[in-house]
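Below is one structure, written out as structure tokens; the observations come after it.
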Amino acid sequence: MIIRNGGADRLPSENPSSDDRDDLDYRERLPRVRIVRRIRSLCSLGTVRRRIHVLQWLPKYHVQYLLSDVIAGVTVTLTAIPQSIAYGILANLQPQDGIYSNLVGCFMYFLFGSVKDVTVAPTSIMAIMVQGVVLRLGPGAALLTLLAGAVTFLFGVLNLGFLVRFISMPVITGFTTAACLTIGSAQLRSLFGISSKGKGSDFIDAWENVIHNIGQTRLWDTLLGFSSIAFLVIFRLTKVCGRGKWKVFFKYLSLLRNALVVIIGASLAYAFSLEGIEPFKLTGHVEPGVPPFHVPPFSITNNGTHYAFGDMISVMGTSIITIPLVSILEIISIGKAFSKEKIVDATQEMIALGMCNLAVAFTSPLPVAGSFTRTAINNSSGVRTSLGCAVTSIMLLLALALLTDAFYFIPKATLASVVISAMIFMVDYRGIAEIWRVKKLDVIPLVGTVIACLLLGLDYGILIGTAINCCFLLYLISAPTITMESVLLDSSCHTLLVRPATDLTFSSAEYLRDRIMRAVTEAYDAPIDVVVLDGAGVNFVDTTVAKNLLCVETDLRAKEVGLVLWRWSRATAGALVRLDRNFLPLLRDDKELGEVVRSWREV
């Protein structure tokens, strides 16, 4: 029997030394999992202080940061108010629910968030993902926000952020594109002043409702809506205009465009109301005061239908998982985009987002996520710390106390224009072009995600898109790159050198076996004497692979062909030896292929 020892092949002695015994020790060396220590560290006072991130930076806060943080917080508020109202209505909730979510979410991120630029708020994607649940459960949808927050928090505690890695760029781009189309389509009803809500706010339902009720179109709502979209698009483009002081002027004019268009629309509606005219459909009454505290219900009766806890979970379906995944993806990608060269603590961001939604669930059914638009405004306004989020919360609270009468006159067409204009620029046109240019095969998961999201809904769509992408991944794993080279070392020994480029798993076991046996069988001109399987690129094998390699050795022996396992690491060789110790004579660790074949012939 030949064993490996420091690259030299030799026979073990009858009474092996300690070095020999160590060389023959192929037991699996598992990493030590210290579960108790891990739990203790999670519950320690140091971990609590580290995870309540405000305790890290607030003691080091400089007074000179205060003005920048206040300016950023006030600027974000001017955009947050109209968008929060619009997203509250988009989610089939009351207008104030959007503001409640924004207020509580911002304050919790101030306590737990680790990226100073990020602003947590209700987003169009979150609104569209919960609107179906809200339609059936009403206020009971707060349970979905609670569960989504709990799942997100759990992902952070258990460091499960790696799950987001399975959502590829084509799937993200397809999901974003479909979300923009769905959200924009859902706003057409308000843009045209159509009263009918239709069956739902999904892409097909929204268009079906508009087409069937096009006769309900209101002229003044339509004119105001399209004029507002034109205003918003033009003023978005002005941020790069001018020089010097004019450049600063146009920059802030662009940042405040949402607030300006809402103020203009509300002023027009108020002026008409003084004359006893109401040409626009208005937002209506917004409840003033602080957000009310409500425990999320675990059973509810809505529209005459009683839903027990199990029924509510059934209505929520996959949203319990997809909402956390999408929100985690949003906040981490936004954090990386604005943190410049600083490392984003994904675990901390997941914990922060989980805490935000856990708190939001007690005031509003609308979950929050990272808002790209408001984060960009926060960043461009010169925010220095997360105190900007606290300022935004305070300003929103003041708005609820003092400005709710003004919210009444905001036209729904204006809010629809705010959402639609945001969707126009959210579509990643450059990303779609890059996918087509770099790898046309990636167009398949992109298009599949878009179609699935539009036809089945966003939550199912992203799962289907991820499944399509995983199918490509599974195919690559099941058919890894294996190079085969026929080598004639001397006139009497034909060698087949087989080099797998990646790890070998159960899905690729049969593929490797078929490739080797086919190559040996089809070598008619020069029959193969020995197959050398180079394991230098293999760092993992499982039981199925080991079993198939044993079958390969048996099949090759029946054809009077030898098998040598060359340059296999201890971990991979150990898996084979633990299955059958007859693998030991096949293992070689010589530096050159010629030495491998010569030592094989000497046995």
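Glycine is treated like the rest: Cβ placed from N, Cα and C.
Checked against TrEMBL, the range among 312-332, 522-542 recorded as transmembrane segment is 312-332. Sequence-distant neighbours of the transmembrane segment (444-477) (same chain, 6+ residues past either end, Cβ-Cβ under 8 Å): 125, 128-129, 132, 166-168, 170-171, 173-175, 177-179, 181-182, 202-204, 317-319, 322-323, 325-326, 432, 435, 502, 505, 507-508. Between the transmembrane segment (171-192) and the transmembrane segment (387-409), fewer than three CB pairs separated by 6 or more residues in sequence fall under 8 Å, so the two stretches do not touch. Long-range neighbours of the transmembrane segment (415-432) within the same chain, counting only residues 6 or more positions beyond its ends whose Cβ lies under 8 Å from a Cβ of the stretch, are 82-83, 85-87, 89-90, 124, 169, 173, 176-177, 179-181, 183-184, 187-188, 190-191, 224-226, 228-229, 232-233, 236, 258, 261-262, 283, 372-373, 446. The stretch with the most CB contacts under 8 Å to the transmembrane segment (141-164), chosen from 249-272, 312-332, 387-409, is 312-332. Only residues 6 or more beyond the boundaries of the transmembrane segment (219-237), in the same chain, are considered here, and those with a CB under 8 A from a CB of the stretch are 190-193, 253-254, 257-258, 260-261, 264-265, 268, 279-281, 411-414, 416-418, 420-421, 424-425. Secondary structure of the domain 'STAS' (496-565), assigned with DSSP and counted as helix (H, G, I), strand (E, B) and coil, comes to 32 helix, 14 strand, 24 coil.
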